[in-house]
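Contents: one structure, followed by commentary.
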Amino acid sequence: MKIGILSRNQSLYSTSRLIEAAESRGHEVKVIDALRCYMNINSEKPQIHFKGEELVDYDAIIPRIGASVTFYGTAVLRQFEMMGVYPVNESVAITRSRDKLRSMQLLSRKGIGMPITGFASKPDDVKDLLDMVGGAPVVIKLLEGTQGIGVVLAETRKAAESVVEAFMGLKANIMVQEFIKEAGGADIRCFVIGGKVIAAMKRQGAEGEFRSNLHRGGSASLVKLTPEERKTAVAAANIMGLNVAGVDLLRSERGPLVMEVNSSPGLEGIEKATGKDVAGLIIDFIEKTAATKRTKTRGKG
């Protein structure tokens, strides 16, 4: 097969592992920087050009689109979909999962467990907003944040009010969540491919750090999931419409709580923590599904 990987840097661990896994199975692979693509969208024959050449005859596309380039990256992916190329994750599913408010509303509607969460833009009563989620301590997040950036633990009501007011001064949309103390600064990343959890790791925050992101100095280790955790992770990925997803859970006294569903989960942490060939499993999934062109929206979303 001819497989394209939408990525801005082929030396990144995840991208290089996907190249390695695909080539070892005899596939032709090309890394495509979505920002350098340009498209003809007003033609009966939709086209994508990259470095002066038309991109043709691709069987599948693997989107590794960074959060900062979601708008244009998903536009390019949508164009591939319109050309009949099989997307590992569809453009509409990626945009759905990248919108934190929309994704949490969808998960809530389907009864998925989550921390009590408040959303706000310019709350005229910060005290009432905090009361809504049970009061301090609370976790306050910028809606556009990634990798633990823009996430603050406010341990007192006064601190929480100050952080909310500071974020309001930035004209930023915010999310206020209850703090799950029993999680102990750890979360679980479940890696879902094709409706199955194929690997899972526990991420523990550095000492004195409540954020468990590996980018913030956290550590990762193999973890055994409960049946409920496995079921929750698969359901969350399915609700987003993602074939490949990283579902982040917290262990709480009331069961697993979903924090986020990531449409472009990194491979380095999960492969090193579990010893599994996750990149190879993604290519295996493409081999089984690309020929059938099983895509729900066909680029209409």
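From the backbone N, Cα and C atoms, a Cβ is placed for every residue, glycine too.
As annotated by Swiss-Prot, ATP binding site applies to Lys141, Glu178, Phe179, Asp187, Arg211, Ser212, Asn213, with the evidence given as sequence analysis. Counting only residues at least six positions away in the same chain, the Cβ atoms of Pro115, Ile116, Thr117, Val133, Gly134, Val138, Val139 sit under 8 Å from the Cβ of Glu178 (ATP binding site).
Glu260 (Mn(2+) 1 binding site) falls within a strand segment according to DSSP. The annotation Mn(2+) 1 binding site is assigned in Swiss-Prot to Asp248, Glu260 on the grounds of sequence analysis.
If you draw a 10 Å sphere around the CB of Glu260 (Mn(2+) 1 binding site), it holds 20 other CB atoms from the protein chains shown. Annotation source Swiss-Prot lists Mg(2+) 1 binding site at Asp248, Glu260, citing sequence analysis.
The Mg(2+) 2 binding site annotation in Swiss-Prot covers Glu260, Asn262 and rests on sequence analysis.
Positions annotated as Mn(2+) 2 binding site by Swiss-Prot: Glu260, Asn262. Listed in sequence order, Ser97, Ala245, Gly246, Val247, Asp248 are the same-chain residues at least 6 apart in sequence whose CB falls under 8 Å from the CB of Asn262 (Mg(2+) 2 binding site).
Look at Swiss-Prot and you will find 104-287 tagged as domain 'ATP-grasp'.
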Roughly where does the domain 'ATP-grasp' (104-287) sit in mean pLDDT, to the nearest integer? 89
Using the alpha carbons only, what distance in Å do you get between Lys141 (ATP binding site) and Glu260 (Mn(2+) 1 binding site) once rounded? 12
Ten-angstrom check, please: count other Cβ atoms within 10 Å of the Cβ of Asp248 (Mn(2+) 1 binding site), all chains counted. 21
